[in-house]
Amino acid sequence: MTIRPNIIRVDADQPDKAKLEPAAEALRAGELVAMPTETVYGLGANALDEDAVAKIFAAKERPPTNPLIVHVAAIDDVHAIVAEWPNEAQLLAKTFWPGPLTLVLPKKNTVPDTVTAGLDTVGVRMPAHPVARELIRLAGVPVAAPSANRYTEVSPTRAEHVVQSLGEAVDVVVDGGPTQVGVESTVLSLVGGRAEILRPGMVTGEQIAVVVPDVVYASDAPVDEQLSRPSPGLARKHYSPNAQLRVVDDVDTLLALSGADEGAAWLVLEAPAAQPRGPVVIMGREPSAYAEKLYAVLRDLDRQGVDTIVVERPPEGDAWRAIHDRLTRAAQ
């Protein structure tokens, strides 16, 4: 009897092709494969196989209005996915790929509507993680992959998070160690000649503006949950731990007023003046380091069974925008 999921452990920097081949074969056969990317672990399926893609939505309990991002192993592979590839897209890909930037463009008819939530656009990116790229290359198919967790849960940054969340719903889990970026990719639409950031990530608007000067951030007004969205990650409630999450401006004042509730955990930028009874995690003031460990910390605190997670509001600025976005949605 086959035990699911089949967990394959590989070196993150130099993955063994022979070890990855069963995962590649699973993708070709229409099965679900969780794989590490530099952002979070993705739940992958052959992006051109409508039945395989449907398994992603079933496993995650994900609404069909939420599109998937298609991952490729090389820049030239996008031409099997997108109907248009403007000069701006080529410049952005040359600058930021492989890396955590997704480009949204008109799709080819070969891409199933299930991938794009019925829209005529598709998000595509080339991941930086060597394991993801080698697996996609070996499979010989583009891979649609949202985060490998139940819908609205905290995204997984380690293979064990995938198993905890999805269990037997996934066929193969490729364990390439912890992810490096820690939050999902920036999603940038280039549709209609307009450069618009739909979802913030660790590739910032300021960085993109060096290549495409007229880039803007889309409105962060709540989306209609019943309508198809141009990007994943736009639901009002998302990235949410089981514990109630609260974002506060002044941890020291809150500690004094609350009496340091022992049922709470505290995510702070630096050590607070008063020591609370519950767990304290010092996140620091460097945005990339904060992002890298955020989801793992939230998952660990859930495992400890805390009732509330109190988060000290991070600094403002473009480098922190993705972190503010994730915390705001997690607090809903």
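Just so you know, the numbers here start at 1 and follow the chain as drawn.
Using the three backbone atoms N, Cα and C, a Cβ is placed for every residue, glycine included.
Just so you know, TrEMBL annotations are computer predictions that nobody has curated.
The domain 'YrdC-like' annotation in TrEMBL covers 17-203.
The annotation L-threonine binding site is assigned in TrEMBL to Thr39, His71, Arg125, Ala145, Ser185. Under the DSSP three-state reduction, Ala145 (L-threonine binding site) is assigned to coil, being neither helix nor strand.
The Cβ neighbour count for Asn66 (ATP binding site), using a 10 Å radius and every protein chain shown, is 21. Annotation source TrEMBL lists ATP binding site at Arg62, Asn66, Thr121, Ser147, Ser155, Arg199, Tyr239.
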Assigned element (helix, strand, coil) containing His71 (L-threonine binding site), judged by DSSP: strand
Rounded Cα separation (Å) that holds between Ser185 (L-threonine binding site) and Asn66 (ATP binding site): 15
